[in-house]
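According to TrEMBL, the protein carries these features:
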BINDING   THR51, THR52, VAL121, ASN129, GLY130, LEU131, VAL132, VAL269  FAD binding site
DOMAIN    310-324  domain 'Glucose-methanol-choline oxidoreductase N-terminal'
ACT_SITE  HIS557  active site, proton donor
ACT_SITE  HIS600  active site, proton acceptor
Amino acid sequence: MLKRLVWGVLGAVVAAGGVNALLIFLNDSSMTANQVLSQQTFDYIIVGGGTTGLTVAWRLAETQSKRILVLEAGRSGVNDSLVTVPQHSFSFIGTDIDWFYFTQPQQFASGQRINLSSGKVLGGDSAVNGLVWTRPSKTEYDAFEALGAKGWNWNSMYAAMKKSEKINIPDAVHVQEFGYSVVPSSLGNSGPVDVSFPPFIPLQHQKFINASQELGHELNLDPYSGGNTGAYWSLSSQTSSAVRETSEFAYFDPVLATSNLIVLAEALVTKININTGVNASATGVEIRFPDGSIHTARLKSRGEVILSAGSIHTPQLLELSGIGNKDILNQFGIDVKVHLPGVGENYEDHPLTILTYKLKPGFLSFDALGYNATLKAEQEELYKKGQGWLTFANSGLNFSPIDKILNETEMQEARSILSQKPPNISQEQFDIVKDQIFNDVTQAEYLLFNSFSAGTNKEPNTSYVSMAITHLHPLSRGNIHIATTSIDDHPNINPNVLMADWDRWFLAKASAYARRFFQTQSFQEIFEPEEVFPGFQIQTQAQWEQYVKDNINLGYHSVGTASMLPRDKNGVVDAQLKVYGTCNIRVADVSIMPLLISAHTQVRIASFV
C-alpha cells in the first residue's frame with residue numbers, strides 16, 4: 001500500500017520539460033489541469049476512470065509513444081474505508097461516490113422506482129461492489145459471437161480474463177477450516193488484479209454451502225473453467241492482506257512512473273465534439289471543472305475517444321453529442337451527427353428478490369456491529385492485521401439451472417410460457433436464451449447478505465441474514481434515453497422489468513424455492529423458523545408473483561445500451577468496439593454486452609481489453 005499512500009497525497013506533479021504520470025484532482029489543481037489541456041493533445045481520451053477505463057488506460061500506456069488522458073467525474077478511493085474495507089461493500093449508497101440513479105416508475109412492477117446506485121469514483125463499480133469474482137459458462141460467451149460479434153467467444157474471453165488475474169492460493173489453515181477449493185490452472189497467476197478467498201467466513205455462509213448440498217446441489221470444485229453450476233466458494237477481488245482490489249489500485253499504481261498517462265479526477269465530460277463527413281469524427285471532448293468552467297481536451301490527428309462511462313452514462317453522452325435515434329435527438333434540438341437507433345436500447349439488468357430470516361440467540365451477523373460497540377472495536381483492531389469480520393463481503397454462491405428449481409409439472413408450464421417470444425427482445429436473442437434455459441445453463445443465483453436487507457420488522461439488538469435470489473437471464477428489455485440536454489439531469493432509465501411473463505413467473509418460482517434452504521437441517525440449527533420477510537402468508541404462485549412485482553430489485557448489472565450487434569439489428573458498436581458511423585469513437589464498458597450472463601459484471605469488464 002506504500003505507493004498508494006504516497007499517491008493519495010501526490011496530487012499533481014509538473015516536471016521541467018513536460019508532465020510525468022499525473023493524477024490531478026481538479027478541486028485542488030484546476031490551474032495545472034488547464035495548463036495540461038491547453039498545451040497538449042492526446043492519442044486517446046478515455047471518458048470514465050472506472051473498472052474498464054483504467055484497464056484500457058493501463059493497456060494503452062504500454063505503448064510509450066501514445067499520450068493518454070483519462071477523465072473521471074469522481075474522486076479517488078485511496079485511504080477511504082468505504083472503498084478499501086471489504087465488509088463495507090455497498091455502504092457507498094447515497095454518498096458522494098454514488099451516481100444514485102433510479103429507474104422510471106416500472107409499469108409491470110407496481111410502479112416502483114428502483115435504485116441503481118453506481119460508483120462515482122476512480123475504479124467505478126469495482127470500488128463499491130460486492131467483490132464477487134465469478135465466471136459464466138462457455139455457452140454464454142459463445143452466444144456473443146453467434147449474435148454477430150466475430151471473435152468474441154469463450155476461448156478469447158477466457159484468455160483475457162486470465163490475463164487480468166493474479167490468484168492468491170489459500171493457505172492450508174483456511175482450506176482446512178472452510179473447505180476452499182481452487183484449480184490454479186483455471187485462473188491467471190501474473191495479472192494486475194489480486195483475487196483471493198477471504199480469510200474469514202461467517203458461520204451462516206458456511207452453513208449455506210451445507211444446505212445447498214442437502215438440497216442436492218453439487219459442490220463445484222472448479223467454477224472458473226467454463227462450468228459454473230452448483231454451490232461453491234467464490235474468489236473476491238481483494239488482496240492477500242484483505243484490502244479491496246479496484247481498477248484504481250490494480251491498474252493505475254503500475255504506471256505511476258510512466259510519462260504518457262494523465263488522469264483528471266473530478267472532471268465531468270459534458271459532450272464529445274464531433275465533425276461530420278462520410279463518417280463522424282471526434283475532435284475532442286468538453287469537460288466541466290468543479291468550479292463550473294468548461295474546458296476542451298483535444299485529440300491528435302488520428303486520435304480516438306473511448307467511452308468507458310458505463311451502461312447508463314455512455315448512451316447519455318452519445319445522445320448529447322448527436323449520436324442516437326434522430327427522432328429522440330430532434331425532440332431536444334440536438335444536431336444529429338449519426339442516426340443510430342440502437343443507442344440506449346436493448347437494456348437489461350438482473351432482477352432479484354430478497355428473503356430475510358432471524359438468527360437464533362448466540363449467532364451473529366454484521367447487524368451486531370451496529371449494536372455491540374465492543375465487538376465493533378474488536379473487529380476493527382483485527383482488520384488492521386488482515387483478520388476478522390471486516391475482511392468479508394461475500395463468497396458462498398449457488399448457481400442453479402432450472403431443473404434444480406422446477407419439478408416436471410412446472411417444467412411443462414415453463415415450456416408453455418416460452419412457446420411465444422415476448423415483446424422487445426429480438427428473435428435471435430430469444431432463441432439463444434431459450435436454448436440455454438432448457439440445456440442446463442445457470443438461471444438463478446442464490447447468495448446471502450450477512451445482515452437485515454429487506455423488510456420493515458427489524459428488532460433491536462438482533463442479527464439477521466437475507467438471501468438474494470437473482471434471475472440471471474431475463475427476457476424483458478428496456479431503454480435509457482436523455483431526459484434533457486443537461487449532463488446533470490439523469491437520463492430516463494426504463495428496464496421494463498418483468499415485462500416478459502417468463503421473468504415474473506420464474507422469479508416467483510425461484511423465490512419460493514429459496515425457502516427450502518431454510519428448511520434444511522443445516523439452516524434450522526442457526527435460524528429461527530419464522531420468515532421475517534416476506535412472511536409465510538405468501539404461499540400460492542399468484543401471491544409469489546405479486547410479491548415479486550411489489551419488491552423487485554436490480555443487481556446493478558446494467559448492460560446492452562451500446563450493444564455489440566450488427567447495425568441493422570440495433571447494434572451500436574462493431575466487433576472492434578467502434579461506434580457505427582464514426583471513424584474514431586469506441587465504447588469499452590458493459591454497455592456493449594448484447595446479453596446478460598450468469599456472472600457478476602466486474603470480471604466481464606476486465607476481460608474486454
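Glycine is no exception: its Cβ is also placed from the backbone N, Cα and C atoms.
Structure with TrEMBL features highlighted.
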residue	record	Cβ contacts under 8 Å, 6 or more apart
VAL121	FAD binding site	GLU72, GLY74, ARG75, SER76, GLY77, VAL83, PHE92, ILE97, ALA127, VAL128, GLU248
ASN129	FAD binding site	SER89, PHE90, GLY119, TYR556, HIS600, THR601, GLN602
GLY130	FAD binding site	SER89, PHE90, ALA393, ASN394, HIS600
LEU131	FAD binding site	PRO86, SER89, SER236, SER237, GLN238, ARG244, ALA393, ASN394
VAL132	FAD binding site	SER234, SER236, SER237, ALA393, ASN394, SER395, LEU397, LEU447, HIS600, GLN602
VAL269	FAD binding site	VAL47, LEU71, ALA73, VAL285, GLU286, ILE287, ARG288, ALA309, LEU317, ILE487
HIS557	active site, proton donor	ASP349, HIS350, VAL590, LEU596, HIS600, THR601
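Neighbour counts of Cβ atoms within 10 Å were taken for the recorded positions THR51, THR52, HIS600; the minimum is at HIS600. Along the domain 'Glucose-methanol-choline oxidoreductase N-terminal' (310-324), the predicted structure has mean pLDDT 98.
For the FAD site, whose binding residues are given in the record as THR51, THR52, VAL121, ASN129, GLY130, LEU131, VAL132, VAL269, the maximum C-alpha distance rounds to 30 Å.
The helix, strand and coil residue counts that DSSP assigns across the domain 'Glucose-methanol-choline oxidoreductase N-terminal' (310-324) are 11 helix, 2 strand, 2 coil.
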